[in-house]
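If you look up Swiss-Prot, you'll see 2-62, 119-125, 180-190, 249-265, 317-329, 377-406 marked as topological domain 'Cytoplasmic', on the strength of a curator's inference. Feature annotation from Swiss-Prot assigns N-acetylalanine to ALA2. Positions annotated as transmembrane segment by Swiss-Prot: 63-83, 94-118, 126-150, 161-179, 191-207, 223-248, 266-281, 294-316, 330-339, 347-376. For 84-93, 151-160, 208-222, 282-293, 340-346, the entry in Swiss-Prot reads topological domain 'Lumenal'. Under the heading Mg(2+) 1 binding site, Swiss-Prot lists ASP111, ASP114, ASP132. According to Swiss-Prot, the Mg(2+) 2 binding site annotation covers ASP111, ASP132, ASP136. Annotation comment: Swiss-Prot describes HIS133 as active site, proton acceptor.
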Amino acid sequence: MAAGAGARPAPRWLKALTEPLSAAQLRRLEEHRYTAAGVSLLEPPLQLYWTWLLQWIPLWMAPNSITLLGLAINMLTTLVLISYCPTVTEEAPYWTYLLCALGLFIYQSLDAIDGKQARRTNSCSPLGELFDHGCDSLSTVFMAVGASIAVRLGTHPDWLFFCSFIGMFMFYCAHWQTYVSGVLRFGKVDVTEIQIALVIVFVLSTFGGATMWDYTIPILEIKLKILPVLGVVGGAIFSCSNYFHVILHGGVGKNGSTIAGTSVLSPGLHIGIIIILAIMIYKKSATNLFEKHPCLYTLMFGCVFAKVSQKLVIAHMTKSELYLQDTVFIGPGLLFLDQYFNNFVDEYIVLWIAMVISSLDMMRYFSALCLQISRHLHLSIFKTSCHQAPEQVQVLPPKSHQNNMD
């Protein structure tokens, strides 16, 4: 080869793995403006706490570092609880519930101030918005698992399945309506209220033990654990009705389409396939896979959900179509095929294989996405820099603390 000859271009498949976004998508990303509206019930009093907390955060600490630290603490405390209660029917030591309460509260606090830190350091950017929502998608899964363990919901497998997946569905719907309308809307009862409610559940389990939720309420003749479940059902109905009111009334695109000019119903295919596969595998399992390994089962599908949610977020930010074909469905597909062939391989082994594939695929995609955007915008993911992109945040009145994208 002649000296000075250019290096051979990378294969297309390798480029697709390391650079998920096209040049056109990156150009549209530069034009993206984060727009949010709404104020929740607990926001005004908590704003005082968040403002106080922010003053203790050093200026050199990047907003994304704050977000990641909160996620890591939440995941770690939940994994400790999972290690004691893998089937969600056991009772863990009291300190594990207290640890989860502290972990979730710390996560909520850090998640609320990362955007404040971004504005404080003049480092707001589309990268921060993506990173924040990407971490939130994974945290949603761990919160559902931890809360289910705290009330020993494994004694009611169907309710456990519902509560494990409804949080994922609502998170996805929140960003689905954003993809349609271009505005991320927050209700009177939103993620902050849910997080505080879960902290209270963990505290109650700390002092009363997880078995306290098995107490039968006189007259009503229902177990105490059904009350938080009914709260989840009511909240899901209320929130989803608001989401679909926005979705079904048309988007901001041409002829009432999404922000990308696609059908307002198209994102439903992705979350629909995930939930249908989860239900089919749960109900058709000859070895009661979900009942025996609910935490692993939920975490595996949670990784699938997290990647699909991340794709929806970036599709909104780049005004792009959300494609259905994706490696994210390989893990659940293996479980489905194993059942189709009468459990040729032990389901538990296949579940672990699916977990490894799904988690690695999700992390690979999210990492590649963040690295590509950071290179394009000349940003550092975990350091503040004088080369940060200009602030692109628009808050619709009334002002909301949730509008904290960095």
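Glycine is no exception: its Cβ is also placed from the backbone N, Cα and C atoms.
Feature annotations (Swiss-Prot) mapped to structure.
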residue: ASP111; record: Mg(2+) 1 binding site; CB count, 10 Å: 23
residue: ASP114; record: Mg(2+) 1 binding site; CB count, 10 Å: 28
residue: ASP132; record: Mg(2+) 1 binding site; CB count, 10 Å: 24
residue: HIS133; record: active site, proton acceptor; CB count, 10 Å: 23
residue: ASP136; record: Mg(2+) 2 binding site; CB count, 10 Å: 22
Length of the line joining the Cα atoms of ASP136 (Mg(2+) 2 binding site) and ASP111 (Mg(2+) 1 binding site), in Å: 9
Outside the transmembrane segment (191-207), six or more residues from its ends: residues with CB under 8 Å to it: 40-43, 46, 94-95, 97-98, 100-101, 104-105, 107-108, 112, 136, 143, 146-147, 150-151, 213, 228, 231, 235, 401-402
Top partner of the transmembrane segment (266-281) among 161-179, 223-248, 294-316, 330-339 - counted as Cβ pairs under 8 Å: 161-179
Secondary structure of ASP136 (Mg(2+) 2 binding site) (DSSP, helix/strand/coil): helix
Alpha-carbon distance [ASP111 (Mg(2+) 1 binding site); the residue listed as 'active site, proton acceptor'] in Å: 10
The transmembrane segment (63-83) in contact with the transmembrane segment (347-376), cutoff 8 A, at least 3 CB pairs, sep 6+: no
